[in-house]
């Protein structure tokens, strides 16, 4: 399997928040087309992400614990709880803020996805999906939540598969990527063994068309992403993706 192992880097963001950034960071100063950025974020009140502008990409925020309130210049305001999703298409431009719940830690995963060139000037939009509306499947080995994909209510400009996997017992994990399709794995907790050994806060950027074969260890939790590359240059400039 051709892949790059990457360790997330802890850094300050917003007003007093912290993120573990899998990419781009000093260990991988680049992207994984069409994926632009992947953060595990940690924020407690009164810290927040004050109003700021974005354009040129879509963002998905998936909550692991606590609550998070989104407010934007399109008159959207909503609070997402544990297991819920909020997402926006920044399109030609959106201004928003994000704040944690009134008490305790708010923690989640934020993913940025590059927009196809013909969608860069699209109108911005916002989506909110409660935790009980997300499809969940339980097998002998895994609990699988589908954040984005064929069985998700989330509507995106780029077709991706986004899974949250909780491991009930040691199990093999195998996936075959199609031609032109890449994948990202991010380990939230636990261990992965095999050709690549991962611990919490580490991930794999898997090249297009590869066969993934790994051993997931009991009580681990990971994010798995797959999508076809846009094959267009990703130009990240601050909070914009040109």
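Backbone N, Cα and C atoms are what each Cβ position is placed from, and that goes for glycine too.
All annotation found in TrEMBL is predicted automatically rather than curated by experts.
Features reported for this protein in TrEMBL:
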DOMAIN    19-113  domain 'Pirin N-terminal'
BINDING   52, 54, 96, 98  Fe cation binding site
Number of helical, extended and coil residues in the domain 'Pirin N-terminal' (19-113), per DSSP: 0 helix, 63 strand, 32 coil
Least buried by Cβ count (within 10 Å) of the binding-site residues 52, 96: 52
Near-site residues: Fe cation, ref 52, 54, 96, 98, CB cutoff 8 A to centroid: 49, 51, 53, 72, 94, 95, 97, 239
Protein Cβ atoms within 10 Å of residue 98 (Fe cation binding site), excluding its own: 24
Protein Cβ atoms within 10 Å of residue 54 (Fe cation binding site), excluding its own: 22
